[in-house]
Amino acid sequence: MKVLLVEDDAALAEALGEALTDAGVLVEQAATGGEADFLVRTERYDAVILDLGLPDGDGSRWLAEWREDAIELPVLVLTARTRWSDKAAGFSAGADDYVTKPFETAEVLFRLHALVRRSHGHAHPLLRIGELAFDTHTGSVTLAGRPVSLTAQESRLLAYLAHAAPRVVSRSELAEHVYDRDHEPDSNVIDVQISRLRRKLGATCIETRRGRGYRLVDGDAAS
Amino acid sequence: MRRRRPSLATAPIAVRLLAAALVIMLISLPLAGVGLAHHFRASATAAFDERLESLLNVVVARLTYDSSTQRLKHDAALGDPRFDQVFSGWYWQVSDGADIRLTSRSLWDQRLPIRAHDTVVTRDLLGPRGTALRIIERDIHLAPLDTPLHVSVAITREELNAALDDFTTRLSASLIGVGVLLLLTLALQVHWGLAPLRRLQADLNAVENGTREMLDTRLPAELARLAGAINGVLARDQRLMERARHAAGNLAHALKTPVSVLSTLAEGFDDPARRRVKAEVARIDEAVRHHLARASAAGATGLNRRVAVAGTLAPVLDGLGRLAARRSITLDSDLPEGLCMHLDPQDLQELVGNLLENALHWARSRVLVSGGSDPYGTWLTIEDDGPGMSTDERRQSLSRGARLDELQPGSGLGLAIVNELVSLYGGRLRLEASPRGGLAAHVWLPDHVPTKA
């Protein structure tokens with residue numbers, strides 16, 4: 001999962017960024033609304049964490065602009081506002097959910113996972129593809145009930161495929177959502193990680209569609 | 001508490017004015033009465049004496065001495081038959097102090113005592129049969145007698161006394177009547193005069209209850225100035241309160257980001273350091289929220305207008321409704337039009353916002369906000385169909401420092417704040433099991449806000 005964190009307070013941005021990274025989320029940061037605006041329009045993210053108090057205009061103003069321009073990515077608003085009228089303004093601008101400062105990282109992650117999952121149209125936090133089960137909140141993976149241990153990178157890759165399943169995901173889409181924009185991988189890296197996942201989950205669970213990309217399938221049904 | 005004895009210092013103005021008037025009347029009216037009675041007595045007695053003197057003159061004028069018989073003669077009657085009725089109280093007597101005597105028939109065998117005087121003298125004495133008499137007497141020289149003759153005319157005081165008594169009775173009655181009339185008109189006057197003061201007080205009550213914002217200054221000049229001054233104080237109070245709330249809000253706002261940083265950084269620590277730092281951070285957050293709620297509610301208590309519940313909550317319900325929809329929860333509200341509550345609009349939003357936040361956190365599919373009023377106040381209920389709370393959990397969640405669920409942060413946090421806010425407004429927060437399965441939070445606020453927080 002790749003997330004844009006828009007927060008002007010450097011200390012909070014750093015702390016929250018680290019905490020999210022530790023939880024396996026790929027985090028990119030913007031300190032101003034203008035910077036966030038540019039990134040949202042040029043990069044692909046699974047969600048945006050948006051602080052309402054930004055130096056160059058209220059966060060809800062930027063959010064309203066994005067929604068007007070049909071940028072529909074899930075937005076989780078961070079607010080230190082104590083007044084409900086201000087919070088309500090955030091919703092009216094098009095926020096999908098909010099977390100009030102001071103927050104707990106677990107709360108932010110919980111909301112974030114739920115937003116991304118729902119943006120892919122899944123109502124239940126546990127995604128099942130055949131015998132494979134992916135818990136969107138904890139990131140844990142089980143195969144036929146047995147836990148599978150994955151690296152952070154593998155976990156992100158599988159999470160994206162699981163959210164998108166049964167849709168085919170192109171290599172460029174994967175690269176955009178799973179990898180840092182400064183370290184865009186060559187196609188080889190994706191191939192290597194896909195084959196590692198296949199080793200851990202069974203060869204048939206990730207289908208390669210030539211020229212189009214990958215998708216998660218019910219391994220048994222395919223064989 | 002010991003009851004203070006009633007004293008004039010604390011007595012109502014009307015009572016003070018009436019008491020003062022009563023004291024003045026109790027002194028002045030009897031004085032006037034005594035003065036008037038004295039003057040009437042003097043003039044009535046003078047008139048009586050004049051009548052006596054004219055009778056005396058008639059007696060003297062008709063008195064002759066017959067030298068041949070050596071007898072005094074009094075020809076013709078005095079014109080009043082009572083001089084001829086025995087012991088009628090009307091008498092005359094001429095005497096030389098020895099043998100020569102001439103009396104009215106009415107004296108019969110009695111005699112009037114003699115006191116020699118050259119001039120005309122009037123005095124009171126007791127006559128025959130103990131009758132109080134007014135007597136006039138003088139000595140005259142009638143030729144050819146050598147010894148002076150003492151002439152007296154006496155008339156009973158009965159008539160005079162009756163006239164004097166009658167006057168006194170009438171005077172007292174009139175003075176009492178005047179006193180009562182004065183007191184009545186004074187009472188009316190005081191009532192009328194104090195009416196603006198009562199209006200001012202009613203106005204002040206209205207301001208306190210929130211039905212008015214400022215005092216009406218269309219009052220008599222002195223009170224208009226007072227009302228103006230009170231309005232000034234109210235306005236300044238409002239400004240100070242706003243400033244204090246603003247300052248509290250700013251401080252809370254400024255603290256929230258660093259507290260978030262600490263909380264997030266603590267995630268990276270190992271237990272027990274993590275647990276301890278997080279507990280302290282939670283304490284800071286709670287203190288901030290607690291004092292922010294107090295700053296906003298305590299200052300405003302007692303000076304709030306009635307706010308329309310549905311209108312005030314519309315943005316909150318709208319915003320949280322969208323959020324709920326995204327979480328696949330239906331947020332319904334059933335708030336009657338015209339339902340009003342006595343509290344600051346922001347506090348109402350904070351109160352319901354916190355309860356809704358909590359309900360949405362736990363709800364499975366539905367949250368309902370409803371409201372209504374009873375004779376003494378207004379109630380709001382927020383129910384969810386989540387897992388609900390045990391009796392112990394409900395009790396704990398209302399006390400500060402309680403944290404029900406460490407896994408799902410933020411849960412139950414708002415309840416303690418809501419509880420405080422509600423009690424600052426003199427209301428109650430009750431947590432119960434909802435018929436929908438989850439928690440039902442009932443908020444009740446009185447229509448009449450207690451003056452002291």
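Heads up, the Cβ atoms here are built off N, Cα and C, so glycines get one too.
As recorded in TrEMBL, the features of this protein are as follows:
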- A:2-116: domain 'Response regulatory' (DOMAIN)
- A:Asp51: 4-aspartylphosphate (MOD_RES)
- A:124-218: domain 'OmpR/PhoB-type' (DOMAIN)
- A:124-218: DNA-binding region (DNA_BIND)
Next item on the list: Restricting to the same chain and to sequence separations of six or more, state which residues have a Cβ under 8 Å from that of the residue listed as '4-aspartylphosphate'.
Entry: A:Val6, A:Glu7, A:Asp8, A:Asp9, A:Gly59, A:Val77, A:Leu78, A:Thr79
Notebook entry, point to check: Taking all residues of the domain 'Response regulatory' (A:2-116) together, what is their mean pLDDT?
Noted result: 86
Notebook entry, point to check: If you run through the domain 'OmpR/PhoB-type' (A:124-218) with DSSP, how many residues end up as helix, strand and coil?
Noted result: 39 helix, 23 strand, 33 coil
